[in-house]
Ligand code: NAD
Ligand code: LMR
């Protein structure tokens, strides 16, 4: 079989980190051929064309075809998977929400082009920031495509949270499970250790033995470290995360296509679950079943967690209002 994958921003940093992993089979496995459509704006075409030449030189057996274009109708033609990465990254001192004015205008036309040209079962992953609200705009502009086919990347936040917890507990990162991100891919996000397990056991006792007062450690150390990790990366390396973002994108899409054994996190459309207003694209604990994200329901949410979820969701509501006032929704 062959899957058609559209990557926007293919001439940018994350695009460059993604393309070669996709061509090598990291996304869909060693048996699935891929057809790549690289969508850029005119200024980015040279970089995308260069990447296409290098893809050819990689002699990847799974890569059937590469097309580079600045025309969304061509870029999204027949797309089974669309990775919407193309957007401006933030710089030092900015919050991701500050990018709304610069980037939100990209996602309406792309949503419309997806509706008009993509394959019937297209699944869209938004990486460009602010990812949740950009996904909301794209979904709202894609007439006839169910909002459930749009998701925003919060897997990078989950990976950061699992890595920080693993480091604190001095355990291998892959022994940490069930550490979902709630809300917005922003500084208000809530990485929630309430359900987390290490080696299949609840983390509470092990964590308390190491950090002492767990609520204080969560509020003062863990949550801010995870939520502000993007800003830390920008400060240290001078530009925003690239390889870790590409890695999380690969994991997110792979899980969406192939299914999950356990929970993960993704920004998906709310139908009112956990009191999140209907229609918002919020991060939840999710499973991937039969090619679709399912929100993990019935979890007990403490008052402390509730307040954090509410704060992040309030920011999503504000972003939706801001986009409405820009006339983009
Ligand atoms: P970059 O500047 O290196 O690349 C962005 C590319 O997008 C450029 O080549 C640009 O020409 C292209 N582009 C701009 N508008 C476009 C459009 N309308 N159609 C197609 N392409 C377009 O940036 P980057 O480092 O690759 O980051 C891309 C985005 O991903 C940024 O918004 C960044 O903040 C975001 N990001 C999100 C996460 C996440 O976890 N959700 C993680 C890292 C980065
Ligand atoms: C990240 O989380 O690293 C990205 O969203 C980039 C950023 O602006 O922080």
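Note: Cβ is positioned from N, Cα and C throughout, glycine not excepted.
Going by what TrEMBL states, the substrate site holds 90, 129, 160, and the candidate of 96, 149 recorded there is 96. Checking the binding-site residues 9, 11, 160 against ligand 1, the ones with a C-beta less than 6 Å from an atom of that molecule are 9, 11. Residues 9, 10, 11, 12, 13, 14, 15, 103, 110, 127, 128, 129, recorded as contacting NAD(+), have a largest CA-CA distance of 20 Å. Neighbour counts of Cβ atoms within 10 Å were compared across the binding-site residues 13, 110, 129; the minimum falls on 13. Residue 90 (substrate binding site) and residue 9 (NAD(+) binding site) are 15 Å apart (CA-CA, integer value). Less than 6 Å separates the Cβ from ligand 2 in the case of 90, 129, drawn from the binding-site residues 11, 13, 90, 110, 129, 160 in sequence order.
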